[in-house]
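Take a look at the structure set out below.
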Amino acid sequence: VVLVLHGYIYPLRDPRSLVLRPDETPYRFQVRLGGAAIYLAKKNIQKQGALVDYEKECYDRLHKKISHVWDLVLMQAREQLRAAKQRRKGDRLVIACQEQTYWLVNRPPPGAPSVLEQGPERGSCTASHVHMTKTADFYKREIEYCRRALGRTRVKSSVCLEAYLSFCDQHGPHDPLVSGCLPSNPWISDDDAYWVMNAPTVAAPTKLRVERWGFSFRELLEDPMGRAHFMDFLGKEFSGENLSFWEACEELRYGAQAQVPTLVDAVYQQFLAPGAARWVNIDSRTMERTLDGLRQPHRYVLDDAQLHIYMLMKKDSYPRFLKSDMYRGLLAEAGVLLEMKRRMFPFTRRPRRSSPSPALLPTPVEPTAASGPAGGDGVA
Amino acid sequence: MGLPPSAEPRSVLCQPKAQNLVFSEGTDYGLVLPVHQVAERVEALGQFVMKTRRTLKGHGNKVLCMDWCKDKRRIVSSSQDGKVIVWDSFTTNKEHAVTMPCTWVMACAYAPSGCAIACGGLDNKCSVYPLTFDKNENMAAKKKSVAMHTNYLSACSFTNSDMQILTASGDGTCALWDVESGQLLQSFHGHGADVLCLDLAPSETGNTFVSGGCDKKAMVWDMRSGQCVQAFETHESDINSVRYYPSGDAFASGSDDATCRLYDLRADREVAIYSKESIIFGASSVDFSLSGRLLFAGYNDYTINVWDVLKGSRVSILFGHENRVSTLRVSPDGTAFCSGSWDHTLRVWA
């Protein structure tokens, strides 16, 4: 243990005590065989054969066990030692300590019984418990898979990487672990103000939050507040039934199996039936297909119609929303709030406020399947 | 299986009709990983300082899994001795605790409403416990058995509501269940060995998920039809963890082969490997920061490596755990991430 502590005192920020628990020492030599062998081989080379008694014993045992790949082990060991010489001293020390500690903690203690504390046995590809009978069905699926794979258009990876660049760029300022967050990260400052300011339903949303609604239609809908404002906007354009229909479809898709017939019927009556109170405008082909499918209702029966309406909102209403006075007003308002400085008394330790568990709050009246829970954030 | 290995040139445009296949090659070849093409243009990240901000002690044995509540501060964790604990990790208070009738509870999940949790392991089942604050009620009394597999449960996740659960199992399958009735809604066959992990896609149409298994494959599934729509096989050992990139266009995987990899769904190939010569122990769990710029990965050598997703380089290495890191998740608003370890503790880092 002293050896280990010694090795760990220097370059780490948080010196810590390593406690060896001999009764729980795992005895797993599957992939580790190679690693352990390499470690000992390196030591053997470095110390020119002067391994500690116990280590020598293990070395010999391993040699016997994996003698068929021993050349590889020696090669790897020499390679690692060579590469290590080129590393900076600091890195070398870290790596050496890492290896040493792993070895010290995970080697089988001399004489101790093997304790299998690794959990359930993981089957490999040859495991018999995975039933892979090559039935006609199996091959049908294979053919379908290959056909689809052939027909798929693949995008050049350079284009995909550009997409990551712009996504990371756009979302970077919103990523607390990359750019920090204002007024402070609750975990660091012990102040939950950030959560209070960003509660699902808060009077004044932050600028960053309102900005995010402009990143994609999905992000707007995912934020209950964004969705609510969008609903308001649609109301003004007399197309609120589109969003309501979409929400009802979500409820069906993610709802209880027993509710399926009832929900399908309710949606039909409210949105699809001729003369329905909140009739949605779907193209005739989709409507025909949907009405057909309604004869045998299942949870995905409204998928086509839902997608049609989603695309309609995304391509038409959403861009107009972003250009609207309503949205621009929200952005401007939120910008003003950002300017207001918060006075922080740096030496006052805020008590970590508890917040009511979502499980304590009454369930919301209108169940919207895709939205978050009702609150759960501390109120000042 | 007839799938070309991803090392070959992959920018291919095919006519849908099988008769006349027209191939045109793109400029990216598998030998030079494409992520480096963009790496130079990206600004380097600043000084990286992350520390343990909370340590949650209370489990009496190895922590195997954890999940965040949507309220951004509560978490549920499960351990080898069968204990499942719900914490307010901000205050470090334990709010609920339940003892499962089995050991090795390898999977746990928080319901979207925050009113229930799901868990399972060696009992081959996934059970849902409604969370109650009633002192007179025994949480175990209201337990609902939902999923039934023929081998251990390795992962579970609620879909967009409290009423559906997706599970992965050592029996090589994944399955979608109706919570209320316990009915099997869809099953997913295709893995050749134990399935160890899964993640739901953050997509507009919300129809797919990815799973990883001991057959070294990562498979993307259509939840509606039960079909596998894409598969990736470049890892050299068990895939312990899969997680979607926030845009939903890609996913990362962590494996026993000591590497993490990024697979792009539109390019249909691996686009990055996150590895170092000095990292020789398996990655047990991975997750992205909110913007997808950082990839946090917990390893069996007790450390957590922080990777710059775009540059492909390691930004930081975090020490603290005293045994292997078994689970890792970023909080819903990205302000922190939580790691669970065989050292019986959970740590929240920021």
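Each Cβ is built from the backbone N, Cα and C atoms, and glycine gets one as well.
Summarised by DSSP class, the composition of the repeat 'WD' (B:56-88) is 0 helix, 20 strand, 13 coil. According to TrEMBL, the feature repeat 'WD' maps to B:56-88 (among others).
Applying DSSP to the repeat 'WD' (B:146-187) sorts its residues as follows: 0 helix, 25 strand, 17 coil. Among the features that TrEMBL reports, repeat 'WD' is placed at B:146-187 (among others).
On the 0 to 100 pLDDT scale, the repeat 'WD' (B:188-231) averages 95 in the predicted structure. Residues or ranges marked as repeat 'WD' in TrEMBL: B:188-231 (among others).
Only residues 6 or more beyond the boundaries of the repeat 'WD' (B:232-273), in the same chain, are considered here, and those with a CB under 8 A from a CB of the stretch are 3, 5-6, 10-11, 30, 33-35, 194, 196-203, 210-214, 216-220, 279-288, 290-292, 295, 297-299, 307, 309, 312, 328. According to TrEMBL, the feature repeat 'WD' maps to B:232-273 (among others).
Here the repeat 'WD' (B:285-317) has, by DSSP, the following mix of helix, strand and coil residues: 0 helix, 19 strand, 14 coil. The feature repeat 'WD' is assigned by TrEMBL to B:285-317 (among others).
The repeat 'WD' feature in TrEMBL is assigned to B:318-350 (among others). Assigned with DSSP, the residues of the repeat 'WD' (B:318-350) fall into helix, strand and coil as follows: 0 helix, 17 strand, 16 coil.
The DSSP breakdown of the repeat 'WD' (B:188-231), given as helix, strand and coil counts, is 0 helix, 23 strand, 21 coil. Contact count against the repeat 'WD' (B:318-350) (Cβ pairs under 8 Å) is highest for B:56-88, out of B:56-88, B:146-187, B:188-231. DSSP places the residues of the repeat 'WD' (B:232-273) in helix, strand and coil in these numbers: 0 helix, 23 strand, 19 coil. Through the fold, the repeat 'WD' (B:146-187) approaches residues 65, 104, 106-113, 115-116, 118-128, 193-200, 206, 209, 211, 213, 221, 223-224, 226 of its own chain, all at least 6 residues removed from its boundaries and within a Cβ separation under 8 Å.
Beyond the repeat 'WD' (B:188-231), the same-chain residues lying 6 or more positions past its ends with a Cβ under 8 Å from any Cβ of the stretch are 1, 3, 151-152, 154-155, 157, 159-160, 166-176, 237-244, 246-248, 251, 253, 255, 263, 265, 268.
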